[in-house]
Amino acid sequence: MFYREAGDFSTSYPEDSQTFPIKFDRYRYYLVLFIAIVVIPFFINDYWVNSLFLPFLIYAIAAIGLNILVGYCGQVSLGTGGFMAVGAYACYKLMTSFPDVSMVILVLLSGLITALVGVIFGLPSLRIKGFYLAVATLAAQFFLVWLFNRVPWFYNYSASGQISAPERTFFGIEITGPNTQAWATYLFCLMFVIASAYVARNLTRGSMGRKWMAIRDMDIAAEIIGVNPLRAKLTAFAVSSFFIGISGALFFAIYLGAVEVGEVFGIQKSFLVLFMIIIGGLGSIFGSFAGAAFLVLLPVALKIVGVDWLDWPTDIVAHLQLVIVGGLIIVFLIAEPHGLAQLWRVAKEKLRLWPFPH
Amino acid sequence: MPEQLAFALEVTANGLMAGVLYALVALGFVLIYKASGIFNYAQGVMALFAALTLAGIIDGQVPFSHLINAVFGTDVHYFGWNAPAFLAILLTMVVMIGLAYAVQRLVFRHLVGQEPIILFMATIGLAYFLEGVGDLMWGSDIKSIDVGLPQGMNTWIDDSTFNTLGYGFFIDNLDIVASIIAALLVIILVMFAQYTKQGRAMRAVADDHQAALSVGVSLNFIWILVWSLAGFVALVAGIMWGTKSGVQFSLSLIALKALPVLMLGGFTSIPGAIVGGLIIGVGEKLFEFLIGAPFLGGATENWFAYMLALIFLVFRPQGLFGEKIIERV
């Protein structure tokens, strides 16, 4: 009834090719933005920010990044944790070397550095394909984590081998360190999330995105019709690593504050982000958000139900969580291999005809 | 005899032993990949699960006791008996066959015809699931397995190398036994695949699903068979690694050690798994000994195998013995 194209006439090309061509969709998007920017900051406290909002926002950026590589360009990567670590350590080195530069610039620079590293590790993708490539990206994962563990220069020769974020401000408001306000960190991350989603969405529907998708669907055929596989694959690696680097930098500087690389950016993190985009939907920006929200909410919800309501020991709940996450992934793959994003698409199709489907 | 050379020889020997164990895990991958095109990430967790089950049965633990206690407020932990090792291994094998059946019936039957990447993700899901179930069933504390395998330094090798080279090699008895068992296992598997009816059917399925179906091979049965075989290999690997370093979560990480072995040897080749395992085992030990520990700060074993495989693959994308990848539009 509300969600329909009828009566919504485009009179110019920009109008016709906008991201949300349906009016209802567009207003919903503005409403979500309004709530996220204006309403939520007034109602959040430290608990909500640290257990839900920050992880959700930061993982959403990482998921968007990985989705560009895996979902749009079809190059399976298991090195996400390693690339997040690059972002985190780049941010740390930059923060300590240039204390006066704005955090926004530093985070973006960390992204750029990660993009460079991503391109280097993406080079073999020209020769290696499919599972061989997935396993090859594990080389990046293990090598990078080892590097940050073993070379003291990266953690400024600190005795513990950890890195911890010094206090930094943004327009006079503290955003890193122990004395931050919940709303400040939330808004800082939100800014990056909105920018990432905007850039990613427009990249993927432009010519670059089409090239990526052509490579994903069949790289030889794409090469024949004139897509340069070298450029397409390496740009996918670069853009993807850029977002992942940003998320790693935020994860370290804003969310955790102190990081031990093997623990935080281990292979588990790679799998977690991969699960997010599978559950959310490969090749979908909305799917990245949905998957991130799902996998951030699930453990919190399970903990509330298991530990707080049923009063079970925490280790049993932790094991149950593994069982449920694993089971859910299998169920999802069987029921809907294209993830939450596909459910959303189906719902939208239904909504278009509702309430008179015939 | 220069001492460095003797050290290097000892490291090589130990690397060969470790390589055999890697190859053992890689074998499980190859079996399933060849027959069904599924890249089974859960192989390592299957080894963990098998080892946990074996340890639990030997100790007479009540399965799911923690969960039962938490839900019903009871306090049960042990049946109060100890199973003999042989019987326990048989029982564990039954559990692994049941698992193979369940996996095939409940998961992969519904995913026939999906893209390989979806199947791969499903096995990652399976890995999480099994890990959780294993912990819920038997508890997550570190267990030890003792099925009567010899352990400790082999004195004969120590003595004979000391007499000839002037330096005694330290080689664990367990590693020697493991190598022998692994070699036997490979011979048995190859014989099975080459000379039995089911083995032939298995190879037929690996070659072409539809052609195999059309000559009357039951895909369902073959897949259950293959998963059971992989379960068996996992059990053997679980016993070896479990005896060596205790049954705990890190056991499932041997899957990560087996991946570069697979890449190097090729996903579809049983001899490739063996040769790849040996190369990686020797390579990483020697690299750590010659370059890693003195110059790079150690612990290079974590990534060396992957880097080696990565560089190797750039020159030969299908691995040493893998089938040549032919792509058509």
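Placement of Cβ uses the backbone N, Cα and C atoms for every residue, glycine included.
Marked as transmembrane segment by TrEMBL: B:12-32 (among others).
The transmembrane segment annotation in TrEMBL covers B:39-58 (among others).
Positions annotated as transmembrane segment by TrEMBL: B:78-99 (among others). Away from its own ends, the transmembrane segment (B:78-99) comes close to residues 46, 49-50, 53-54, 57-62, 130, 146-148, 224, 227-228, 231-232, 234-235, 239 of its chain (Cβ-Cβ under 8 Å, at least six residues beyond either end).
Panel annotation: around the transmembrane segment (B:111-130), residues 37-42, 44-46, 48-49, 99, 103, 252, 255 of the same chain, lying at least six beyond its termini, place a Cβ under 8 Å from a Cβ of the stretch. According to TrEMBL, the feature transmembrane segment maps to B:111-130 (among others).
When Cβ-Cβ distances below 8 Å are used as the criterion, the transmembrane segment (B:176-196) is approached by residues 16-17, 20-21, 23-24, 27, 31, 149-150, 154, 202-203, 229, 233, 236, 240, 270, 274 of the same chain, each at least six residues removed from its ends. For B:176-196 (among others), the entry in TrEMBL reads transmembrane segment.
Residues or ranges marked as transmembrane segment in TrEMBL: B:217-241 (among others).
According to TrEMBL, the transmembrane segment annotation covers B:261-282 (among others).
Among the features that TrEMBL reports, transmembrane segment is placed at B:289-315 (among others).
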